[in-house]
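Enquirer: Pasting a structure below so you can have a look.
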Ligand code: AMP
């Protein structure tokens, strides 16, 4: 199937051709028609499925076919959880709107607000934003959301994970009630369904991949290994396989820094990307990784969200996530847009319960391998390591807020106030 039958304008088809897309991805085939009809849509799609074009193309079609004259109020808001995703979505919006008379801007925290304000004052039709900076500029009177016609909530599950629920509610209060709403989420928890119920009116539901299952193009494997041998094993895998581009996940910021240093000592170019890094350092690391200067990007879950690295061949879970859904997000970085990819997990005894929950979620047993010289420790405890024991009193707690300029939300705040009694599902304060 080509893009033509979807009914998008010639200017959009020209931009699509320029991007080199010939066939709409499944989520695009399913989401574009109802969005063009003006319906609310609830879409299940993870990064890598082409979801951004899935909502951006019909949005641009609608806005350009229904112009509002010279005066440009903000007519569409795309809300994303992380700065990287906001930047990524904005780039897509710009590319797809190249041949249209539409203006767009992106705003997020961690950088000077002045250029963002100047850009908004020039008039924009489409605003891509993270919640913190958006509410900040809205309360300063720099921008108004009173003329929003289309509201898009991207990666809604991650929004909730990062504690943005209240911010989302505040944003919604500043918008007119009559508007089209589109919500995209990789996973569908009870909380997400509740949020969707509160935002969407009679939505059409579309799905790119079945709920909580991993993409078929990805080869998954588990290496059982003693905890203390993980660094040696990952260095061996990267060197022996001569991997040129590998994304490695750690559970904590501290762990990401530590592993990154060890890679560099082993003469493997590496950079870490997490919430304690400045926006400049994050952008530089990502650019270096994309252009091949950096072989290994070590990331935490939240920092990695929304990274668009086409054809990433290898993803390694240096540590398994304690939230099973994160495993699906992580390995979704490979095997993108139909390409083959490999996702490997280094699993020590104390991660056994995490592995079991992941296998339950994805409904498959992952093949296990043991490499000679890197065997698991038969005497190691299978009890998950307590977060209090990891890098106790570590420096990262000071900057424990979410990645955006806001202090996060309920979950983060709770975890800071009651660190000892934290039974939250997520250890948000150390995961970024
Ligand atoms: P997304 O899921 O929106 O992050 O997109 C993942 C990647 O797929 C991006 O690099 C897009 O440029 C690419 N992409 C999106 N739609 C298509 C398409 N129809 N054909 C080929 N690639 C696409």
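Every residue gets a Cβ built from N, Cα and C, even glycine.
Annotated compositional bias 'Low complexity' per TrEMBL: 399-413, in sequence order. Annotation comment: TrEMBL describes 414-432 as compositional bias 'Basic residues'. Taken from TrEMBL, the feature domain 'Helicase ATP-binding' applies to 32-206. Annotation source TrEMBL lists domain 'Helicase C-terminal' at 233-382. Feature annotation from TrEMBL assigns motif 'Q motif' to 1-29.
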Enquirer: What are the DSSP helix/strand/coil residue counts across the motif 'Q motif' (1-29)?
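Expert: DSSP composition of the motif 'Q motif' (1-29): 17 helix, 0 strand, 12 coil.
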Enquirer: Work out, from DSSP, the number of helix, strand and coil residues along the domain 'Helicase C-terminal' (233-382).
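Expert: Each residue of the domain 'Helicase C-terminal' (233-382) counted once, the result is 62 helix, 25 strand, 63 coil.
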Enquirer: Can you check how the pLDDT averages out over the domain 'Helicase C-terminal' (233-382)?
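Expert: Averaging the confidence scores along the domain 'Helicase C-terminal' (233-382) gives 87.
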